Structure formats: C-alpha cells, structure tokens
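Quick look at what Swiss-Prot lists:
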REGION    53-82  region 'Disordered'
COMPBIAS  55-64  compositional bias 'Polar residues'
MOTIF     187-195  motif 'Nuclear localization signal'
MOTIF     203-216  motif 'Nuclear localization signal'
REGION    249-256  region 'Promoter-binding site'
DOMAIN    286-483  domain 'RdRp catalytic'
Amino acid sequence: MDVNPTLLFLKVPAQNAISTTFPYTGDPPYSHGTGTGYTMDTVNRTHQYSEKGRWTTNTETGAPQLNPIDGPLPEDNEPSGYAQTDCVLEAMAFLEESHPGIFENSCIETMEVVQQTRVDKLTQGRQTYDWTLNRNQPAATALANTIEVFRSNGLTANESGRLIDFLKDVMESMNKEEMGITTHFQRKRRVRDNMTKKMITQRTMGKKKQRLNKRSYLIRALTLNTMTKDAERGKLKRRAIATPGMQIRGFVYFVETLARSICEKLEQSGLPVGGNEKKAKLANVVRKMMTNSQDTELSFTITGDNTKWNENQNPRMFLAMITYMTRNQPEWFRNVLSIAPIMFSNKMARLGKGYMFESKSMKLRTQIPAEMLASIDLKYFNDSTRKKIEKIRPLLIEGTASLSPGMMMGMFNMLSTVLGVSILNLGQKRYTKTTYWWDGLQSSDDFALIVNAPNHEGIQAGVDRFYRTCKLLGINMSKKKSYINRTGTFEFTSFFYRYGFVANFSMELPSFGVSGINESADMSIGVTVIKNNMINNDLGPATAQMALQLFIKDYRYTYRCHRGDTQIQTRRSFEIKKLWEQTRSKAGLLVSDGGPNLYNIRNLHIPEVCLKWELMDEDYQGRLCNPLNPFVSHKEIESMNNAVMMPAHGPAKNMEYDAVATTHSWIPKRNRSILNTSQRGVLEDEQMYQRCCNLFEKFFPSSSYRRPVGISSMVEAMVSRARIDTRIDFESGRIKKEEFTEIMKICSTIEELRRQK
C-alpha cells in the first residue's frame, strides 16, 4: 500500500513538522582537496569589511596590518568592522552597572583557575597547528614537540607542570634571537630488490636540526593553520576554519575561562550551558518579556542573523574589553589575559596546501604550494582565483597571509557572547529612556531579540536603535536574513520556540544507528541514544520501541550476529549456531553472540551484560567477562565511557554510556601504513608519551580521575611514591627485607641518574 506522505501531517501541528525540513538525513557533505581558496576568501573578505581602516607595518615580522578600530561610522547597511572603542567600553560599564561585581568576581574565580591549571589542559582538543613541523598534529603530540623544543633551547619554566609557567616560556621564546628545532623528514631512494630484482622505493627516516631566526619564529608562533570545515549541512559553499598553535592556545584558554565565568552570570547568555538547561534559561527571558508586556504593549521577536560575525569582530576590541574587565586586578593577571588578543591582532593565516594542477593531456599533476603563490605567474589560474591571489599578494609572508582584523571561527565564543549580551543589556527602559525596551538571547553569533513597545512605530524604532547600537560595536545584524514575528514564535540556535520549545527531532537523526566502535560500545551507545531522546526530545514510547527494533536489526546486520535459530547465512552463522546449540540458557546469550534481544523501552538504562547476567550459563559468563581471558579488553574498568556524538549542529558532544569490559569490547589496531611515512617519528613520540603516562598511572592509581597538583617532576613523584609504598609493604610484612632493599637501591640509582643528566 502506498502512503501519501501528506497524510502523516494531518494530526501534527504545523510547528512540529518544522524538523522535517531540516537537511539532516543521509551523509553530510565533506570537502575534498585544498582549503587554500576558502582561506583566501576569508582573508580578502575580512580586509574588505575593514578597508577604510589604517594600514601599519608590524616592526617585528614586517607584516602589513589593517586597523579598522574607531574607523568611519557606516553610512549604509553593508557589513563593516569599524567598532568604536568608547562605545564598547561604555557598554561594558553599563553591563557592570546592571550586574554589580560581575567582573570582579569572575576575575577572582579565573585567577584561581590560572594558578591551578596544568599544562596537560592543552592536550585536549583535536588537530592543532604544530609550529615545529609546520603542519597539523594531534594536540598531545604538538604540545610534547613544543615543550621538547623549548627545553632544548633552555626554556625550562614549563617543568613545573603548571600552564602559567609554560606560558612564561612562550613569552620568553618570543624574545630569543633564534630558536633551534628538530624536524622529521623522509628520503626516498630507488633501489633494486635483491630477491625479486624489481626496482622499489626505499624510505629512510631522518631528523634534522634547523635554526629559526626571530622573525621566522614569530611568524610561526602567530600562525593559525586553516582547514575546510567538514560536514556542514544546508550550505552550498564550504568555509575555512582555523587551528591555532600551542603558543596561542594557553592564552586563549584563560581568556575564555574569564568570559565563561561572566557568561554563567548573565541571564541572556546561551553559553556555556546546553540542552535542557539552555532551554530553561531562554524560556525565562521570554516569560519575563511576555508578562511585562501587558495588554497595552506589543511584543515582537526577531530571529536574528548576523553577517560574518567573526570577520567583523576585532581582537583590538577584545583587548579593550579585557582591559576594562580586569582594571582593578593585579598586573600579572592583566598581562596574561591581554596577550591572547594582542597575538590575534598580529595573527598570520596559513594558506593550507596550495593548488593542484593537472595538464590538459592528463599525464602530469603538480602541486603549487601556498608559499609559491606570491611569485607564480598568474596566467595558469582562472579568473576568480587570479583575482583572489592578486588581492592577497601584498599580505603574503613566507606562505602565510597577514590577517590583523577579524577573529577566526570558534576562537573567542564566550568573549564575543559577552559583547553581544552587553547590547541586549542596553535595552532596559532606564537606558533607552523612551517607551520601547528590549531584551534577548545571545549565543556566540546567534541571537534572538525581543522588543516591547506600545505600538508598531515603537517596535520599529526599537529595532532600528538596536541595529545601530550593534554597528557601533562591530556587529552587523543582517536585515535580509533576520525576520520578525509576534513574540511566542522564534528560532534560536536551532531551538524552535512556539509557546514553549518544540522538539527539533531531525537534528538527532544522525546519532541513531550503529556507531562502529565495537560490539559492546555500539550496543550501549545505541540504546543510550534512544533513552536520551525519550528524555529530551519528545521521542514517544511507540516510536522509541520502533527505533529500538530497527536498531537491533541494523546492529545484527552490521556485526552479522543474527539469532542462533535464524535461517540467514553469514560468515559468522556457523560459529553462532554452534554456540546456540551448546548453550542451555539461550536467553543469556548477548545479541552479538546470536542471542535474543531483551531490551524494551523500560530497561534501556541497563547494560546488556547486566541485563542478561542471571540468565547466562556459567561457562559463558566465565568466557565473556574473565579478566584472564586475553580477549577481554581491560584498559581501566571505568563504569562510564565517552562516545563522541556528532549532533546536527554545534560541536561534537561527548555522550556517556555504560561500559562493561567483555570479550566484545575490543580496540582496533592502528593502520600499519603510517609506519612507512614521515609521521613515523611522530608516532614513536606519541607511544613514548603514552608509555610514560601509563607508567605514571600505575604509581598513582587515582590519577585517572584526579590530576596531581604540585611542582615535582613525574619521575620524582614516582620515586617518592615508590619509597612510601615500599616502606608500608615492608612494615606490614607484605614484602621481604631483600625486596625492600632492592627497591630502595633502584630508587637511589634513578635519582643519581637524574642528577647526572
């Protein structure tokens, strides 16, 4: 029977059907090839928005820089980045007046964080620009490389393990006349194989020392590497995102800590909370505006969109904000916080891989690296690319483009939210001094504005005033893309509000299904997703039950583990049938071993092993969960694991799921092909790093949930811990005198070796 899809909506209120229009089913679009073009677009656009600013030259790097601050006031609706310092400072002052002590208290909280944060905070995060190798690396490796280079150049404050001390080294490094670095490289040689007599390519790994002069080092320290943002739905064009290096990251982290602390105290801020907490916060603001607009007042809401938020923001403005917020604080604290915006005012954007050329005869392909764009003949390029390159050329230095104005995506989300909220704060009647007033919500570049006034003219006047105030702070509300509605219907950060928030279920669609981690994790994540959607997203019992059945079906097809009594033939069915036949209690078999599904919507919170434990045959229990079974992966048995879920918008979020270690929780091995590439040295470093950390955690079993705070090195800490434990074990009779002496001797030897080093 054919179903007419419109029939599905007969009983559904229109606002609940909104989610069906979202582009969230199927695979998201990924970018291929180089991001060089997108990055040049960003750089050129940013300069265009600030073109009436003042040009200066950076004395250290020689980079040309454009400063639009306090530039001409806009005369049209075109986006522009001419923020006015005095207006920003005034907005900050009013924000403080409405929230007495907010900056003071947040500074005190941040100061505590600054003094306690360990360097390993910087190992969080994914790809990071590694300035020593001039390309992206996992954060932990990039940090390890940076510290290694610092130490070989005599910068050792970082050895205390505190982030603030690492940052002292960063500051120190910028004053050095030169920095020595070690780079990995590979040589390729064609040689004849003795056995097969064929020619083969032999690769040898090498490390070479290189010296960077002050200028080259500064350029690298100020570089943001760029990539194309992947998996963006609902857009035809891709765009570039930036990943900063380790020199910038620590400073940004402290600024964002302060800004986060402020955002937590602002009722209009959609950050840093998320999910239901965010919805509750938003609903409060709406309720306030609705109850205060009595019968005499009209209330309208703008679903707002800003034009190129990041490209019109300016680090110099952020510096002014920070200077104001920290004005009564100790000098060292103000200095630490002001470095991030100063570095961003002098930032360089790396243009990525460059362009790939193919000859017409298709026999030749060649890569033009970004470094060559400054000098190459432009006749090889098409018109649009030629225009881009011509425009960007004056800004190029060593393959990077000088980009003083603008912020890159996602760098100062919290701080830019504070800026946005400061405008919303100005909507109170005591500031507008007229009959209209406004309030709203801000979350990074997304906003919703609620305007109340006695009549339509008042509403219009309020919106105009808001629009102009934004312009003064370098924020450009898009008149084309924002729309206004009677209060009660609007959208904010993909939450749809219609007298309460409507579940936008389509956004969760990508996280349904089998994740592909391993049989154990996938089962757990699958049922957790369904459970979470019943709690948060109006997933009803009938639909949840159906989702569960579809998930189990999907799971069985993915892992070829159909029930033992099924007729379906797969590669595993022979083994599974054998197990099925010799099992007394068939209900106890896990789904991944061909067992039946015992999940229903009431028991989704119980891990499958626990759900079936009482039903299992004893020998099956013994095989499944025996720590001595070499196939049971016991890293650390933590009761909770984290899966990275990709929601339809916003950053990947961590989702917790119950983890029970069994023979099914295997970890796939690293692909071997990496071992032949120049990444190999990096990989060895990473394994070394891993081994040290594992060893450390053996000495301090609690370190997996609490970082040691102190200034001794890892080795010293382990030696002293070993001494204490040995003495306790000896005194309680757990070890013999000989063992005690031997361990103490080893400890002394280690200390002696450290001293000699």
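Note that Cβ sites are derived from N, Cα and C of the backbone, with glycine treated the same way.
This prediction places the mean pLDDT of the motif 'Nuclear localization signal' (187-195) at 80. Nonlocal intrachain contacts for the compositional bias 'Polar residues' (55-64), taken as residues 6+ away from its ends with a CB within less than 8 angstroms of a stretch CB, comprise 214-215, 218-219, 222, 346, 348, 394-395, 397, 402, 404. Long-range contacts of the region 'Promoter-binding site' (249-256) within the same chain, counting only residues at least 6 positions beyond its ends with a Cβ under 8 Å from a Cβ of the stretch, are 110, 113-114, 117, 121-122, 125, 128, 163, 166-167, 170, 318, 322, 336-337, 339-341, 343, 411-415. Across the range of the region 'Promoter-binding site' (249-256), the DSSP-based residue counts are 8 helix, 0 strand, 0 coil.
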